[in-house]
Amino acid sequence: MPEALSLLCRVPAHPESRCWALAWSPGGALLASCGGDRAVRVWGRAGSSWTCRAVLGDGHQRTVRRVAWSPCGSYLASASFDGTTCVWKRQEDGFECVATLEGHENEVKSVAWAPSGSLLATCSRDKSVWVWEVDEEEEYECVSVLNAHTQDVKHVVWHPSQELLASASYDDTVRLYREEEDDWVCCATLEGHDSTVWAVAFDKEGERLASVSDDRTLRVWRRYHPGNQEGVACSGTDPTWKCVCTLSGYHSRTIYDVSWCHLTGALATACGDDAIRVFEESPTSEEAQPTFSLTAHVPRAHSQDVNGVAWNPKEPGLLASCSDDGDIAFWKYQRPEGC
Amino acid sequence: MADMFDGIVMAEQRFHGEGYQEGYAEGSHIGIAEGRRYGALHGAKIGSEIGCYLGFALTWHCLLQKCTDEKSSKKIRALESLIGMIQKFPYEDPTYDKLQEDLEKIRGKFKQGSCHQLSQVT
């Protein structure tokens, strides 16, 4: 598969440090990155290259592990090993920290905004997932502390259109949460991985979820609603999630991140073997048993572990990746013929 | 003739057997005593923790009674939920199958009520 994924540009984003995560702004024009140098950087296009537009360097005392944009694009949240989550508001001349969320007992591993923009989720090595609500006066309040996982929680992500939250953990499971009468409850537990689940991603409709793990597999789960045609049993009114596809044998090390493009349906993975891979659903794929094939593989995408991959939400085929080597790389993906 | 020597020949095995029975009985006895001590200690720890949460919840519930704004009503509801969870908890039953799960829910509710956030608005 030559040139299916070609390098556009490489940027030394967090020099002498690791670049841990990336997030595209909802409009697709800006990319936020964060790293071991305790800073968040925001990048914008400059011709064929990317330049740093802002450095948010004084918010955290330790590594910043994840960043997330609010759906309106005016706020950026940063989760740090120092136990706090900062919320930055976009101003004319930069970003200003408008809130610092405390409460987790140790390293915060991930942060994510709900599609409504009024809820935020964080997760930590303290095994808990917190849900925060923000009001019109930009005041944040913790509305739930969920202790469903039995180990370090690595990643939280919201459903693209519903107030449904997913979390991935060192306890080998993915859990889903929803609100029930003023409180949040765990409504599903996805078991199947043999080791730590590092990341999850929903597809565009939100009926499928992809998870990647230390067990070197990518799993695709499908949601079955009560009363479904396929006869999958559901308990009560909650849908059941079933694993419908397991991709194994492609990755030679832990898979750290997954991104599911909502424009093209392509799945990109970030792996500890320094490679980036792209998978697409085969034309003969069936809904109940989908099949995916490897359409791109760049073995030395970075010189160290690839920590994150993110598809641009507006420009099909534009992919960004970040690594322990401190760099951000931008790629152009073109679906090969006959796939 | 064989019976005369039976006592001598089987002596070792018999003593092993008797020794084992005595040891087993003594071990069970000590085990129960140790288990009781451990259970009492552990139970007291949990009681102390939950008692602290209950005290916190009742105090704040009382303090917030005078506030009528929406935010305070939300907090009051959360505190009532915590108080409810604590009161419903089956303290008499150590074999309750959802013991750990319910304890984690109580801890989570307490953390939610007691956390604060810093707003830095210029």
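Here the Cβ of each residue, glycine as well, is placed from N, Cα and C on the backbone.
Here TrEMBL flags A:21-43 (among others) as repeat 'WD'. Mean pLDDT for the repeat 'WD' (A:21-43) in this predicted model: 97.
Tertiary proximity for the repeat 'WD' (A:57-89) is limited to same-chain residues at least six positions away from its ends with a CB under 8 Å from its CB atoms, namely 18, 20-27, 32-36, 38-40, 42, 95-102, 104-117, 120, 122, 124, 134, 138, 140. Taken from TrEMBL, the feature repeat 'WD' applies to A:57-89 (among others).
Long-range neighbours of the repeat 'WD' (A:101-142) within the same chain, counting only residues 6 or more positions beyond its ends whose Cβ lies under 8 Å from a Cβ of the stretch, are 62, 65-72, 75, 77-87, 89, 148-163, 165, 167, 169, 175, 177, 184. The repeat 'WD' annotation in TrEMBL covers A:101-142 (among others).
Among the features that TrEMBL reports, repeat 'WD' is placed at A:146-177 (among others). Remote same-chain residues near the repeat 'WD' (A:146-177) are listed as 109-116, 119, 121-125, 127-131, 184-191, 193-202, 204-206, 209, 211, 213, 221, 241, 262 (criterion: CB distance under 8 Å, separation of at least six residues from the stretch ends).
Annotation comment: TrEMBL describes A:190-221 (among others) as repeat 'WD'.
Panel annotation: around the repeat 'WD' (A:299-339), residues 1, 3-24, 26-28, 31, 33, 35, 43, 50, 253, 256-264, 266, 268-276, 278, 280, 282-283, 293 of the same chain, lying at least six beyond its termini, place a Cβ under 8 Å from a Cβ of the stretch. TrEMBL lists A:299-339 (among others) with the feature repeat 'WD'.
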